[in-house]
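Asker: Got these off Swiss-Prot a minute ago, pasting:
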BINDING   247-254, Asp287, 306-307, 323-328  ATP binding site
COMPBIAS  395-406  compositional bias 'Basic and acidic residues'
DOMAIN    131-362  domain 'Histidine kinase'
MOD_RES   Lys278  N6-succinyllysine
REGION    383-406  region 'Disordered'
Amino acid sequence: MRLFRWLLKQPVPKQIERYSRFSPSPLSIKQFLDFGRDNACEKTSYMFLRKELPVRLANTMREVNLLPDNLLNRPSVGLVQSWYMQSFLELLEYENKSPEDPQVLDNFLQVLIKVRNRHNDVVPTMAQGVIEYKEKFGFDPFISTNIQYFLDRFYTNRISFRMLINQHTLLFGGDTNPVHPKHIGSIDPTCNVADVVKDAYETAKMLCEQYYLVAPELEVEEFNAKAPDKPIQVVYVPSHLFHMLFELFKNSMRATVELYEDRKEGYPAVKTLVTLGKEDLSIKISDLGGGVPLRKIDRLFNYMYSTAPRPSLEPTRAAPLAGFGYGLPISRLYARYFQGDLKLYSMEGVGTDAVIYLKALSSESFERLPVFNKSAWRHYKTTPEADDWSNPSSEPRDASKYKAKQ
């Protein structure tokens, strides 16, 4: 650990600087699928990953250094940096090793598993660093904007990093999932969306009943514009979709139960509409949980605005995302990762519609990856300009003082 701390304090290592000059190579779900299904070759995957993984790590490691020093000096952020440095150096050992050696391929597989496990707690640990920073230095709008920009890119990079590793380890690790034998790595070529909806609902329902002893029911409706009367299927990563749906169901259930806690005749159902068109697959989750004021919608996706109580990371440093208020922003990153999105439409006093948009075609579902370049650098260095729209004063003017003299 001392070595990594020393390295972190040095100027950008030449290898990190060199790899960060390359842009990541985004893949589509179709490319993931075609490679895993038709011509899965461990040598080819190895040769791609031994370059691509360091590129993605180096891009985000360069960007970390643009954060405010007061944030970089938080122990939790330093710990995350040490993990990234260690993983980068371990992957770099395979830069020139021959793919023709079976032992090299096996060792590389084991390194990928070790790296993935090392990064398991990146999200809560980085969140801990943000909390430490906010508690000590307070809230600054400009710095908050930069932290929001960085964390969206940092966590997206992590999602992509794990996607690449999972595909390689699942395809070449020798462990076929008996529950999902038709999956290509972590991708389901015929993902039944309604089934994932119901699985996510049941999991959220179980938690809701544990805490509140009750839970709203679920109503699901499908509309398949491409093939009427057929169940909606999509080529997708079920674990990503489950993550998004579980978070939205959890929020809808909590809002509904808390609003109608004194009601004796039951609760309004949470309604889900799944639609498939030519371009988009959309999933709308609607509740009657009272809604959210318009001014608070953006805050729900802001890492610095979290009002959740500070969770403990001991003894394993692991913590649920919801404990940091990161559930919604991370879910939106999962949706955006393959060119989709997650949006909230709320009517205060009534309820909220949450809509997940996914690409209907796997050939259009390309990874959306952050790139470290001059545009990114300028985002951190440009000072905020004065607002060019009027802002209401905290103390409105007395209009009577400005009456025209007769």
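Each residue, glycine too, has its Cβ placed from N, Cα and C.
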Asker: Count, for each of the recorded positions Lys250, Lys278, the other C-beta atoms lying within 10 angstroms of its own C-beta, and report the residue with the smallest count.
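Answerer: Each of the recorded positions Lys250, Lys278 was scored by Cβ atoms within 10 Å; lowest is Lys278.
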Asker: Cα-Cα separation of Gly327 (ATP binding site) and the residue listed as 'N6-succinyllysine', in Å?
Answerer: 29
Asker: Whole-number Å only: compute the distance from the Cα of Met253 (ATP binding site) to the Cα of Lys278 (N6-succinyllysine).
Answerer: 31
Asker: Tell me the Cα distance separating Glu247 (ATP binding site) from the residue listed as 'N6-succinyllysine', rounded to the nearest angstrom.
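Answerer: Between the Cα atoms of the residue listed as 'N6-succinyllysine' and Glu247 (ATP binding site), the distance comes to 27 Å.
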Asker: Could you tally the C-beta atoms, other than its own, that fall within 10 angstroms of the C-beta of Gly327 (ATP binding site)?
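Answerer: Excluding its own Cβ, Gly327 (ATP binding site) sees 22 Cβ atoms within 10 Å.
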Asker: Along the domain 'Histidine kinase' (131-362), what average pLDDT does this model show?
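Answerer: Mean per-residue confidence for the domain 'Histidine kinase' (131-362): 90 out of 100.
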